[in-house]
Amino acid sequence: SLLTMGSPRWRIAALVALSAALALLEPAEADEHDHTYADKEEVVLWMNTVGPYHNRQETYKYFSLPFCEGSKKTISHYHETLGEALQGVELEFSGLDIKFKDEVMQTTYCEIELDKPKRDAFVYAIKNHYWYQMYIDDLPIWGIVGEADENGEDYYLWTYKKLEIGFNTNRIVDVNLTSEGKVKLVPNTRIAMSYSVKWKKSDVKFEDRFDKYLDPSFFQHRIHWFSIFNSFMMVIFLVGLVSMILMRTLRKDYARYSKEEEMDDMDRDLGDEYGWKQVHGDVFRPSSHPMIFSSLIGSGCQIFSVSLIVIIVAMIEDLYTERGSMLSTAIFVYAATSPVNGYFGGSLYAKQGGRRWIKQMFIGAFLIPAMVCGTAFFINFIAIYYHASRAIPFGTMVAVCCICFFVILPLNLVGTILGRNLSGQPNFPCRVNAVPRPIPEKKWFMEPAVIVCLGGILPFGSIFIEMYFIFTSFWAYKIYYVYGFMMLVLVILCIVTVCVTIVCTYFLLNAEDYRWQWTSFLSAASTAVYVYMYSFYYYFFKTKMYGLFQTSFYFGYMAVFSTALGIMCGAIGYMGTSAFVRKIYTNVKID
């Protein structure tokens, strides 16, 4: 049974907020790092993990099943990055003796003494479709543990690993595994495990060796192109709508307001003044809970800059060829962009007249890391209970905490000080009245709560097809590599979000309600609620996951992903709306 499906275990940019840490690469002098080999040089077959096929994240150490190890014990090198540690990569040496270009005929490398507990362990694994992953020279290989017969009474173990390795000059470019030697599991017998290695010349270039793991028919499907086209049409329609509403309506408003200027006081008292000009004395009043609000805006700006940079890096570099490199990159970029968070959060808090800026800086710096680490900590307990390889080691947790305190916090402080000093002065076009004006009664659909619920529908509509592709590459065995699509979708999402929040805010101000800050943030952030609801649909109809561990992993990290997406959209919506509100109140004459 030749297994070609699957993908290496890497993580996807959209769940970028997994945690904040810097990639700690241990230098080691070895062939596996520069991927070149001399003839008869050692080639290492690493055993990674084993687990049920339908639960991609539920993985255990390979030797947690009673497999036996090969005879070779010493090994010249081993390495693990922070991204790998967080993703539960557990590389263990298989003990098989493989040398570059050295053919091995079928050789028995060890025997399993099959007593009853060992047989039960294998039967459980076969019933749950367990399969394992191995690496040769960073190339992933998958094999299935065994299979049951049709009526499910007898169980068979595959005992013969037939490796076929393709080489191009002094580099390994292709690995295939065929599992053979079906042996029935009978208690109190000895099962011999064997392997063979065949080397063949290959024309595949070293740079292209990962291409066979990609799935163009899935990712470059017509539906994918169609959804992008569809979203672009929506963007053109929305931008047109916004500019039409604003140009025409604002022109009428300005004309009406300038006509009112020319009336004498008597006419003006009799005339009915209404519309957004009436709230000019309250529109720049600080939002309620300014500390939380500015921290959310700062975090949203940081998430946006992280997404943008990681997608650009992924477009230039093929991050999927290295285990854990996507996560390591995201963590590094998140830590490095901390000044963005401090700058936007700190300057907004200062503009709103906030005094306790140190507290605001702490909240802004630790908002996202606390959310991510809290979820990871909770899921870690379940992973430890299951003895899963996903359990994050204590040392890795300490490394992540160190990065939060010694990298993210100081950089955030730098950003906050710059933000407060460079753009922290409240230079609003209108004065704020001493007494807040009462908010008049308005129709139910103009209430902020209704606007918030409806605001997320269009941004979600513009991204949900892309969500399907991202979810599938994260929760199923596909490698996501079409980052150009992701970039387009991010741009579309920004434009749609800004357009929607501007329209919502215009209607709100016209109803003489000046509470636009939270409304613009939340109406964009409500996209997250729709994404999370979609993840429920995806779980029940698109996957076959089961068990407490996989389910809590899925819904825990989906909640983190949705929240981070919501904070990002909210910040984008608020920034766009803020510019719009300043613009319209700068252009109107106010007594």
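Every residue, even glycine, has its Cβ placed from backbone N, Cα and C.
Owing to the predicted nature of the structure, the values given are computational and were not obtained by experimental measurement.
Per TrEMBL, the feature signal peptide maps to 1-30.
Sequence-distant contacts of the transmembrane segment (225-247), counting only residues of its own chain at least 6 positions beyond either end whose CB sits under 8 Å from a CB of the stretch, comprise 458, 461-463, 465-466, 485, 488-489, 492, 495-496, 499-500, 502-503, 506, 580. Annotation comment: TrEMBL describes 225-247 (among others) as transmembrane segment.
Taken from TrEMBL, the feature transmembrane segment applies to 292-316 (among others).
Positions annotated as transmembrane segment by TrEMBL: 328-350 (among others).
The transmembrane segment annotation in TrEMBL covers 362-386 (among others). Long-range contacts of the transmembrane segment (362-386) within its own chain (CB-CB distance under 8 A, at least 6 residues past either end) are made by residues 17-20, 58, 60, 88, 291-292, 294-296, 298-299, 302-303, 334, 338, 341-342, 345-346, 392, 400-401, 404, 408-409, 412, 416, 548-549, 552-553, 556-557, 559-560, 563-564, 567.
Taken from TrEMBL, the feature transmembrane segment applies to 392-414 (among others).
Sequence annotations record features per position, and here TrEMBL assigns transmembrane segment to 449-471 (among others). Taking Cβ pairs closer than 8 Å, the transmembrane segment (449-471) reaches residues 12, 14, 218-219, 223-224, 227, 230-231, 234-235, 238, 480, 482, 485-486, 489, 492-493, 496-497, 500-501, 504, 507-508, 519, 522-531, 534-535, 538, 542, 569, 573 in its own chain, all 6 or more past its ends.
Positions annotated as transmembrane segment by TrEMBL: 483-509 (among others).
For 521-541 (among others), the entry in TrEMBL reads transmembrane segment. Residues of the same chain lying 6 or more positions beyond the ends of the transmembrane segment (521-541) and with a Cβ under 8 Å from any Cβ of it are 293, 296-297, 448, 451-457, 459-460, 463-464, 467-468, 471, 475, 497, 500-501, 504, 551, 554-555, 558-559, 561-563, 565-567, 569-574.
Positions annotated as transmembrane segment by TrEMBL: 553-575 (among others).
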### Message
If I count Cβ-Cβ pairs under 8 A between the transmembrane segment (553-575) and each of 292-316, 328-350, 392-414, 483-509, which range comes out on top?
### Response
292-316
### Message
At a C-beta cut-off of under 8 Å, are there same-chain residues at least 6 beyond the transmembrane segment (392-414) that contact it? List them, or none.
### Response
19-22, 24, 82, 85-86, 88, 331, 334-336, 338-339, 341-342, 361-362, 364-366, 369, 373, 376, 380, 383
#### Entry: For the transmembrane segment (292-316), sequence-distant contacts whose Cβ falls under 8 Å of one of its Cβ atoms, 6 or more beyond its ends
13-14, 16-17, 326, 329-330, 333-334, 337-338, 340-346, 348-349, 352, 354, 360, 363-364, 367-368, 483-484, 486-487, 490, 494, 517-518, 521, 564, 567-572, 574-575
